[in-house]
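First comes the structure, then the notes that go with it.
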Amino acid sequence: MRRTLLPERGLKGRRATLTWHGAIGLWVALVLCFLSVTGLTWSRYAGENITQLRAELSWETPAVDTSPPGAGGDSGHSTHGAHADGDDEHGEHGEHGGHGEHGGHGEHGGHGDGAAEADGITAGQALESGRAAGLRDPVEIVYPTEPGGAFAVKEIQAQWPTRADAVAVAPTTGEITDTVRFEDYGLAAKLARWGIDGHMGLLFGLPNQLVLIGVALSLMTLIVLGYRMWWLRRPTRGGGLAWGRPPRRGTWRRAPWPTLVPLLAVAAVIGWYVPLLGLSLLAFLAVDAALGARHRRRAAAGTTTPAGSAEPAATGGERPDA
């Protein structure tokens with residue numbers, strides 16, 4: 001177990017680099033996967049797919065209904081998916097207060113703060129209604145987006161314990177027309193909220209941020225160690241500059257089917273839901289297949305094997321410490 005979790009001692013050269021690369025990578029792998037999954041909710045294509053998947057599984061985040069009376073809205077709470085989570089729950093948190101300062105809405109469309117103050121309650125009165133309903137600072141106030149729509153007053157406490165209760169406030173009377181409590185969120189909605197807050201370094205404050213800094217430094221270290229291992233694989237005979245020797249071809253073809261089939265299935269699913277990754281993987285496989293075909297043609301023609309291939313005669317010896 002120790003050899004898996006910690007680097008081995010007494011090694012030199014490429015083997016020492018390899019054991020450090022493996023140990024560091026193992027420790028940060030779970031955090032990197034967490035950052036990848038939570039970060040995908042902000043991406044354009046993968047985020048849309050995740051939003052659709054959450055909607056199909058009823059994993060959406062509830063939101064207060066601010067539609068005007070008789071507008072044909074649901075009797076229950078409205079919902080929005082994972083991609084909207086990143087925008088609504090975490091869209092620069094404090095900067096969301098800018099919604100409450102959009103006086104231009106009243107000047108241009110007649111339903112910003114100017115209209116609200118002329119025809120009904122002010123933002124301050126909406127805030128008082130929210131506080132009377134149990135909301136605590138920090139909060140954001142979202143102005144009605146259509147005539148007759150309600151104010152939305154939301155808690156935006158991202159640090160643990162999370163506070164994300166929200167109420168809809170009638171624009172004329174100041175009455176609470178809808179309420180959503182964070183404790184009533186489904187498990188998937190809570191995990192989405194906590195995951196994105198943790199991704200941004202907000203959930204646990206300074207310790208959260210220190211962990212992210214450590215992971216970032218570890219990732220940079222892994223990249224450097226990876227290139228060092230590749231460089232130490234280079235041929236040393238002949239005295240000329242040569243690149244690191246690539247792995248021997250045909251590894252995937254020699255892999256057992258019980259291992260290969262699940263890996264291909266997982267790659268296909270991930271490539272479908274993360275299309276840019278899937279397209280990049282297909283492009284890589286196409287280039288690799290073209291290089292393999294060229295290598296086979298040269299071998300069949302009896303030409304000299306290029307440096308860096310799997311043929312010992314062309315690659316020369318490796319470093320003694322590799």
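Cβ atoms here come from the backbone N, Cα and C positions, even for glycine.
Annotated compositional bias 'Basic and acidic residues' per TrEMBL: 82-111, in sequence order.
Marked as compositional bias 'Low complexity' by TrEMBL: 300-322.
According to TrEMBL, the region 'Disordered' annotation covers 62-118 (among others).
Residues or ranges marked as region 'Disordered' by TrEMBL: 298-322 (among others).
The annotation transmembrane segment is assigned in TrEMBL to 20-42 (among others).
Packing against the transmembrane segment (210-230) from elsewhere in the chain are residues 14, 17-18, 20-21, 24-25, 27-28, 31-32, 35, 201, 244: each is 6 or more residues past its ends and has a CB under 8 Å from a CB in it. The annotation transmembrane segment is assigned in TrEMBL to 210-230 (among others).
Residues or ranges marked as transmembrane segment by TrEMBL: 260-287 (among others).
With a threshold of 8 Å between CB atoms, the same-chain residues lying at least 6 positions outside the transmembrane segment (260-287) that come near it are 40, 43, 45-46, 49-50, 53, 252.
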